[in-house]
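Feature list (source: TrEMBL):
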{"type": "BINDING", "residues": "90, 91, 92, 93, 94, 95, 96, 97", "note": "ATP binding site"}
{"type": "DOMAIN", "residues": "85-226", "note": "domain 'Phosphoribulokinase/uridine kinase'"}
Ligand SMILES: Nc1ncnc2c1ncn2[C@@H]1O[C@H](COP(=O)(O)OP(=O)(O)OP(=O)(O)O)[C@@H](O)[C@H]1O
Ligand SMILES: CC(C)(CO)[C@@H](O)C(=O)NCCC(=O)O
């Protein structure tokens, strides 16, 4: 437990009681939105875990805005609107993008005047061609497979208030960067950045992603469970690929299911699990908040930094 000496640990019941204001329930349409992107999400957890978290973030963002105003006062200049950036880290397949999208829906509901945008660091992976060129095809997701310089420049541009930013798009379906697409990011009030590397300290850069994040979350679970979720998602991706020869997973979808399952297990054991053990888990105790999940993605405890 030495790893966690700078955290307070809360059970679900304790966390839920930090925010008892039941006067702001989700509307039916927001609930539908939550379920539309993932109908497996526990609505009880939305109420007990994620709505109190949104309340905490609301307090944190107000404090951040006050801090910006104080600085501008000291510097005798007009306060500039600086976006608040939330980083979400954790293993491949632990549920970072689901958590990020859930926070986005909830923030849109509770902060209707704020512009919330969501990006994933997957967009800053080198393309498959570039990974081949660098001899990194088996290292996808490892620190050296990302263009960290471009990611850090993007975060700096967002913080500086650049009006329109365009970033590359990664597709799980194509298993590569999609050269013909970009994601536009237009002056967000809150930017959620989701990715395995958001708490890493890249050896090639002097400035880290975490220098730009104002609140960081690590989504945590036992590695055996994450492997199960990885395999379940793999099978869900196969279902989507069945009638689409352009899909990366098509060859597995139309072949022997045992071969597909073996290939997925191999990928997990030879790439994603070593990446978790060597490069992702060691960043866990840099997070402001650790959300720990058990079976069925149900949250069982939360660790919040003491200081
Ligand atoms: N809170 C949740 N409730 C139910 N299912 C979830 C939840 N979070 C994630 N899942 C499921 O777990 C799997 C992995 O989730 P997700 O794709 O969000 O992971 P990820 O961490 O973003 O992965 P990657 O790093 O590969 O992009 C998906 O099948 C998703 O539907
Ligand atoms: C795109 C990443 C790196 C992270 O989301 C991951 O989903 C991935 O593709 N890892 C490489 C091995 C694999 O899971 O196929």
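Every residue, even glycine, has its Cβ placed from backbone N, Cα and C.
Cβ packing within 10 Å was compared across the binding-site residues 93, 94, and the lowest neighbour count falls to 93.
Within the model, the domain 'Phosphoribulokinase/uridine kinase' (85-226) shows a mean pLDDT value of 95, rounded to a whole number. Summary for the binding-site residues 90, 95: the Cβ-based neighbour count within 10 Å is maximal at 90. Taking the centre of the Cβ atoms of 90, 91, 92, 93, 94, 95, 96, 97 as the ATP site, the nearby residues of that chain (Cβ within 8 Å, site residues left out) are 196, 219, 226, 229. Closeness to ligand 2 is met by 92, these being the binding-site residues among 90, 92, 94, 95 whose Cβ falls under 6 Å from the molecule. For residue 91 (ATP binding site), the same-chain residues lying six or more positions away in sequence with a CB closer than 8 A to its CB are 196, 219, 221, 223, 226, 272, 275, 276, 280, 281. For residue 96 (ATP binding site), the number of other Cβ atoms no farther than 10 Å from its own Cβ, over all displayed protein chains, is 24.
Neighbour count (other Cβ atoms within 10 Å of the Cβ, all protein chains): 20 for residue 97 (ATP binding site). Mapped onto three states, the DSSP output places residue 90 (ATP binding site) in strand.
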